[in-house]
Structure formats: structure tokens, C-alpha cells
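For 38-58, 95-115, 134-154, 199-219, 220-240, the entry in Swiss-Prot reads transmembrane segment, with the evidence type sequence analysis.
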Amino acid sequence: MNVLSYSINPLKGLYAISGVEVGQHFYWQIGGFQIHGQVLITSWVVIAILLGSAAIAVRSPQTIPTGGQNFFEYVLEFIRDVSKTQIGEEYRPWVPFIGTMFLFIFVSNWSGALLPWKIIQLPHGELAAPTNDINTTVALALLTSVAYFYAGLTKKGLGYFGKYIQPTPILLPINILEDFTKPLSLSFRLFGNILADELVVVVLVSLVPLVVPIPVMFLGLFTSGIQALIFATLAAAYIGESLEGHH
């Protein structure tokens with residue numbers, strides 16, 4: 001009985017820690033679950049922007065691209081280059097995944113600076129970039145983990161797990177730990193940079209509302225784009241490692 005109560009108490013403690021929040025959040029109650037409504041709202045807006053832009057740009061494709069079609073073809077070529085550089089000759093099936101990651105993160109990051117989220121009033125909390133929430137970045141990182149496991153298992157089958165004892169079985173714990181640190185580093189890097197950028201802008205606007213925050217906002221747009229590129233590049237690199245079967 002004592003052993004059972006001892007095992008339950010730590011679980012309660014972990015559950016309490018997981019409920020710790022930074023700021024206020026707007027929740028939707030669905031069944032027995034609480035869902036961050038503000039994250040879903042902003043994510044849907046970003047997805048609508050991406051789908052709407054793509055539909056408008058390619059609604060009447062031309063042999064010689066112009067305007068929006070030309071821009072989207074340039075973006076596609078850029079994503080192909082990133083995928084091919086990191087993955088190798090087997091990059092083609094992974095272009096849609098890498099492209100989706102890059103575009104969603106890029107538009108999400110920029111939406112925090114360019115879209116007037118503050119205009120929309122919520123009962124609790126406020127709207128912000130989807131990548132400003134740790135839930136979004138963790139979900140993206142876990143999708144990346146699933147992708148590179150799928151890539152390795154599809155190509156090598158169960159032999160994929162042989163990489164954990166290469167070049168020597170002594171490295172087994174370190175190789176296993178690496179698979180846990182990859183999604184952690186991806187998610188916290190993106191979340192930390194976007195949150196810090198928005199906090200700096202908010203503080204500067206409150207202290208010096210004119211002129212001074214503008215250069216910081218432009219710097220934030222630049223770093224937001226870089227963060228999207230870093231995430232997509234690392235995702236492609238992890239997939240490439242799984243396909244090659246070495247570190």
C-alpha cells in the first residue's frame with residue numbers, strides 16, 4: 001500500500017508541474033480536455049494564409065511564370081535545394097514535408113510581428129504567433145522525430161536500430177539519449193527565440209513607443225526567417241542521417 005501511494009504521489013507532482021502556465025490562456029473545453037483555443041485560432045489563420053496565397057498564385061499556371069507563380073516556384077526551388085543538400089539523392093519524397101515545416105514556421109513567426117492580433121479581444125489571454133506557444137513547437141519537433149524514424153525504418157527495416165550500437169555498443173545510452181535531445185533542442189530553440197523577440201518588442205514599445213522599436217522589429221523579422229530555415233534544415237539533416245544510417 002505504501003509503495004502504491006509513493007508511486008502515485010510523484011505522478012500527481014508531475015501533473016501539477018505540467019499545469020504551470022506562463023501568462024493567461026484562452027481554453028476550449030472539449031470533453032474532458034482543455035485545449036489552447038488561441039493557438040488553434042492563430043494556426044488556422046496561418047494555414048488559411050498559406051492555402052489562400054498558393055491558390056491565388058497558381059489558379060491559372062503559365063508556361064513562363066510571372067508574379068505570384070514565379071515567387072512560389074522560387075520558394076519551391078529553394079526548399080528543394082535545402083532538402084537535396086541535407087538528405088541527398090533520395091530527397092524528392094521529403095520535399096513536401098520540409099516545405100510544409102518551413103512555410104508554416106516562417107509565416108507563423110512573421111504573423112507575430114505583422115498581423116494585428118491585439119485587435120481581436122479574447123475572454124482570457126491574447127492572440128500571438130503560433131510558434132510563441134511551446135505546444136506548437138513541441139508538436140512540430142515530434143512530427144520531425146516521427147519523420148526521421150519513419151525514413152530509417154522504411155529503408156532499413158528493423159536493422160535501422162543497429163545504429164544505436166555503432167561504432168561500439170558502449171555508446172548505446174548516448175545514442176538513445178540523442179533521439180530525445182533532438183526534439184527538445186528543436187522545440188525549445190524555436191519557442192525561446194520567438195518568445196524572446198516578441199517580449200523585447202513589447203517592452204521597447206511600452207518604454208519608447210516611437211522610432212526605437214522599429215529597427216528591433218525588422219531584426220525580429222530577419223531572425224524569425226532564420227529560425228524557420230534552421231528548423232527546416234535540421235529536420236532535413238536528421239532525415240538524411242536516418243537514410244544514410246550513420247551520425
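Placed from the backbone N, Cα and C atoms, the Cβ positions cover glycine too.
Just so it is clear, the model here is predicted, and its values are computed rather than measured.
Within the same chain, residues 36, 39, 43, 94, 97, 101, 104-105, 108, 160, 163, 179, 182-184, 186-188, 190-191, 231, 234-235, 238-239, 241-243, 245 sit at least 6 positions outside the transmembrane segment (134-154) and bring their C-beta atoms closer than 8 Å to a C-beta of that stretch.
Among residues of the same chain six or more beyond the transmembrane segment (38-58), those with a C-beta under 8 A of the stretch's C-beta atoms are 25-26, 28, 67-69, 71-72, 103-104, 107-108, 111, 115, 117, 122, 125-130, 133, 135-136.
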